[in-house]
Each structure stands twice: as C-alpha cells, then as structure tokens.
C-alpha cells in the first residue's frame, strides 16, 4: 500500500535537498541600476533597452494608451500601435504579416499548437528552446525529437510518417551554444515532403542577416510561403513581447485559434512602443548587428574559445555545476555579471559561463571584461 503523506508539499524539501547537493539550486538576484556593473549576461544584444529613443517610445505609448492593454487583443487590448508595429516589423524581415503576443514564449506556444495538433507530426531539434519543447508537448501531435542539427534524421522522420500534415520546429540560433541551424537544408527537406517549417529567430533577429533582419534573411528564406518565423521583442529590441510572422493566412488562423493570443491580455502599450522605437533605431543604425558579432569574437578570444562565434553568445564550458557557479560568482565579485548555465538547461558535464556581447560595449568595458575574465579563467 502506498504511504500517503499528511503534508502535500513535504516532498519539496526532499527535492530541494537533492538539487542543492547537485549544485543546481537557483536563486533570484536583483539587478542593480544601469552602470553599477558590467553586463555580459543579458540578452540586450544591441544595447537598446537603455537607448533614449527606446525609452521615449515606451513613455509616449504609456501616456497615450495607458499602463496596460486592459484585455485580450480580441476585446480591448488591441491598439493602432500594435498593428503599426506589426506592419513595420513584417516589412523589415520580409514577411507578409505579423501578430504580436505577450511574450516570445507564448508566441511559440500559440504558433506551434495552432499549426499542428492531433493527427499531425511535429519534428523538433533536440536543442530547441524550452518554449518550443512545451509547445510540442501541448500540441497533442506525435512528436519526434531529432539529434541536434541532424537534417538526415529530420528527412527520415518526414519521409516515413503516416500523418498528412507535418511541422518541423527549430531555433535559428541556439541559445546555449550560439550555433546556427542548417535552415536551407531543413527547408529543402520540408519542401520535399510537404512540411511546414517554424523557425524561432529569438537570437537571430538584430544580429544575423542584412542589417539584423535575421538568419532567414541571410540564407535567402525570408518570406517563404511554407515557413513561419517567431521571435521575441526582449532581446535585440530591448523590450518584451513576442511575434509570429508569416503568410496572412497564418495570422488569421492564429487570431481564431491560438489560445495564448485569445485568452491572454494583450502586450502592454509601453512594451510595444519601446520595441517599435528599437526597431526604428535598428533600421537607422544597421551597423549595430555587425558590432555585436565583432564584440563576441573578442570575448571568445579572451576566453580561449577557439571557434569564432556565430551570434552574440559565447559559451565557456567548465564542466561541473559548482565550477561554473564559482566562476560566475568570481566575475560578479569583480564587477562583471556573466550567465551561468547548468543542467537541466544544458547537458550534464557541460555547465558553462554564457557570455553575451552587446553592440553598445565601450572600449573601457571591453578592457574590464578582458582583465576580469583572464583573472577568473586562467589557468583553467
């Protein structure tokens, strides 16, 4: 007979003890005011979260439309600002249409679930973001997870399927390692087998492609009729929110069926206004995208990472969680905040420092980064 605990939450103490012993306990830390420490951990790739035009864009929207959207976009949460931003962003990346969600996470949930469902096949890369993993789980489709960037495995899954409809999902730039998906090969496989390709450009927008238009633009797939792009407004555009971009028929279908769009409060006007202003800055200053890659290459060199980064992300693999955590703490003690990725975010034995480059890093900040990272990581 199973012993029933009288305390329904008693098991939490046990699993917390296990996480602590494994070096996997997480804490929520407050972020100091801007300038108090050097930030090499955030996803503010273009340095726009503090840009005066971006802040003004958020404040102007706040004063015009109020603090919140006040409801679902299908009720009271839609404004002219939302729709104008969608039009400009779609034109920028070469898509026919766009639909703003409250976050990149909900954009992925909405797109994947609404475009798959029972009786369809979902093929997902093993390293896709957690939001895509959760979307696959919620879809009620049959899910096949393929080895990382293994196009042959994707094609095999598509070729042997019994389902009429199939969807392949991938990041364009993978968040932990910063490596790129083989988008041309994936699209070729999808087109051959009549599958839809959904690409999350969260880490590609603003960094890859012509003037930051994303990796899809770079490989010549922008606006493809059998492809859907998702992205976030919380990284290169320095705000928050998410977007699904693609054919107009997809937008119409999501408005009718995507539960995170229908039942969630619309993205706050201030966030839309800030993202809109950030997009205008990127359009006016396309050099920012290359600056990110240049700084990432410098950070990789400082950390003895031999492979030239393909994105803003530089991963310094240290092995065990305790080692990575101690190195991150040592950097912070010296005034530099870096990311620390441990399982389950990354596989066991690959805990790492995750550095992110920003277009706005100054020469003095890069000098500080060099000094601190050299002190902490040498010898390894």
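Quick reminder: no glycine exception, Cβ is built from N, Cα and C everywhere.
When 306, 345, 350, 356 are compared with the substrate site residues 26, 129 in Swiss-Prot, the one appearing in that site is 345. When Swiss-Prot records 104, 105, 200, 201, 202, 203, 232, 233, 234, 235 as binding pyridoxal 5'-phosphate, the matching candidate from 72, 139, 175 it lists for that site is 175. The Cα of residue 175 (pyridoxal 5'-phosphate binding site) lies closest to that of 129, out of the binding-site residues 26, 129, 345. A simple way to gauge crowding: the CB of residue 175 (pyridoxal 5'-phosphate binding site) has 23 other CB atoms within 10 angstroms, across all the protein chains here.
Taking the binding-site residues 26, 129, 203, 235 in turn, the residue surrounded by the fewest other Cβ atoms inside 10 Å of its Cβ turns out to be 26. A count of other CB atoms within 10 A of each Cβ picks out 201 as the most crowded of the binding-site residues 104, 201. Around residue 345 (substrate binding site), the same-chain residues six or more apart in sequence whose CB sits under 8 Å from its CB are 176, listed in sequence order.
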